[in-house]
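Listed features, source TrEMBL:
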ACT_SITE  D131  active site, proton acceptor
BINDING   G14, R75, S76, G105, N106, G107, S108  ATP binding site
BINDING   R24, A25, V26, T27, R28, R158, G189, A190, E191, K215, K217, K218, S219  ADP binding site
BINDING   N106  Mg(2+) binding site
BINDING   T129, I130, D131, R166, M173, G174, R175, E226, R249, H255, L256, Q257, R258  substrate binding site
DOMAIN    7-281  domain 'Phosphofructokinase'
Amino acid sequence: MARIKTIGILTSGGDAPGMNAAIRAVTRAGIFNGFTIKAIYRGFDGLISGHVKPFTTENVSGIIGQGGTILKTARSKAFMTEEGRQKAYDNLIKEGIDALIVIGGNGSLTGAMTFAKEYDFCCIGLPGTIDNDLYGTDNTIGYDTTLNTIMECVDRIRDTAQSHERIFFIEVMGRDAGFLAQNSAIASGAEAAIIPEDSTDVDQLSRFMERGIRKSKKSCIVIVSESPKCGAMYYSERVKNEFPNFDVRVTILGHLQRGGRPSARDRIIASRMGVGAVEALIQGQRNIMVGVRNNEVVYVPLSEAIRSDKPFDMKLIKVLDELSI
Ligand code: F6P
């Protein structure tokens with residue numbers, strides 16, 4: 001295998017706080033270890049159109065505390081086509097890039113894996129997504145900041161919920177995973193969370209209402225995982241119809257959850273993962289995602305990282321249930 005000299009780096013999919021810290025870490029660790037770094041703008045779309053720029057340490061000065069991604073990002077449809085991937089490969093060869101570091105979520109790392117197999121190209125993934133749904137890493141870059149953002153929002157909504165003695169359904173992101181919903185509910189002292197992982201036959205809303213939460217509390221907050229059919233609006237309509245005595249409101253937090261300055265924890269894992277990615281290339285690793293598990297940097301095959309069954313600790317449901325009486 002030829003020695004890697006030039007590393008390409010891009011961010012892809014939904015932006016996540018801490019992506020900039022990861023870009024900085026890859027750039028600085030790469031240069032420290034003698035690699036040339038080339039930044040690719042607008043994710044895989046930028047790779048296809050050839051939007052590539054050499055990076056020096058100065059290009060990443062002062063970005064560790066910034067949310068979003070300085071490289072911009074995209075959900076590339078073109079990269080899903082063979083033609084698009086061929087153009088991407090041609091541009092990598094033209095730019096002399098021998099290895100590609102992709103910072104993104106499930107869809108982005110799936111794209112990286114397909115490409116790596118198709119062109120026998122060295123790809124390394126960094127888990128950059130607020131959803132925390134990548135297998136093999138305890139936390140993804142952006143998850144902790146978003147959890148804190150949701151917690152602050154819920155603390156504020158609690159003031160008005162208590163004042164008016166209302167039920168609030170607060171919808172949070174997470175795509176198909178309930179990590180954000182369940183843990184933000186625990187962190188903010190919410191009365192319940194409705195999450196996709198809790199798929200028992202018992203209807204989650206009925207179970208919550210039947211617990212008689214309103215007997216001891218005058219207001220309550222239910223965090224709901226986003227879902228095309230059963231989001232916060234769905235549950236609020238049901239309460240209006242099935243329990244008309246309650247005064248109900250809905251807040252959909254939306255994209256404000258994705259912005260903001262990354263937490264210390266996200267900056268640190270992003271920095272460790274970025275350094276770990278360069279170290280992986282030095283070791284000759286290919287087609288892996290860098291994770292942090294039990295506080296150790298680990299390398300997980302991309303095919304495993306994108307598994308859809310990241311373990312969800314069901315004991316968290318009991319924690320919330322017992323603490324919300
Ligand atoms: O994957 C990150 C995420 O924020 C999900 O939680 C959410 O479902 C989705 O992206 C929203 O995507 P977009 O910004 O494209 O609307």
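Quick reminder: no glycine exception, Cβ is built from N, Cα and C everywhere.
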Least surrounded among the binding-site residues, given as G14, G189, when other CB atoms within 10 Å are counted: G189
Of R24, R28, S76, R175, K217, R249, binding-site residues neighbouring ligand 1, Cβ under 6 A: R175
For ATP: widest Cα to Cα gap among G14, R75, S76, G105, N106, G107, S108 in Å: 13
Listed in sequence order, residues with CB under 8 A of R28 (ADP binding site) and six or more positions away: T57, V60, G274
Check: same-chain CB within 8 A of ATP site center, minus G14, R75, S76, G105, N106, G107, S108: S12, G13, G104, G111, T129
Candidates N106, D131, G189, E191 (recorded positions) - the one closest to M173 (substrate binding site) by CA: D131
Rounded Cα-Cα span from K217 (ADP binding site) to T129 (substrate binding site), Å: 35
Nearest recorded site to N106 (ATP binding site) by CA-CA distance, among binding-site residues E191, K217, S219, R258: R258
Cβ packing number for R249 (substrate binding site), 10 Å threshold: 15
Sparsest-packed of the listed binding-site residues (N106, T129) - C-beta count within 10 angstroms: N106
Per-residue Cβ crowding (10 Å cut-off), top of binding-site residues V26, M173, L256: V26
Rounded distance in angstrom between the Cα atoms of K217 (ADP binding site) and R249 (substrate binding site): 16
Most crowded position, judged by CB atoms within 10 A, among R24, R175 as binding-site residues: R24
Sparsest-packed among the binding-site residues, when each Cβ's other Cβ atoms within 10 Å are tallied, from G105, G107: G107
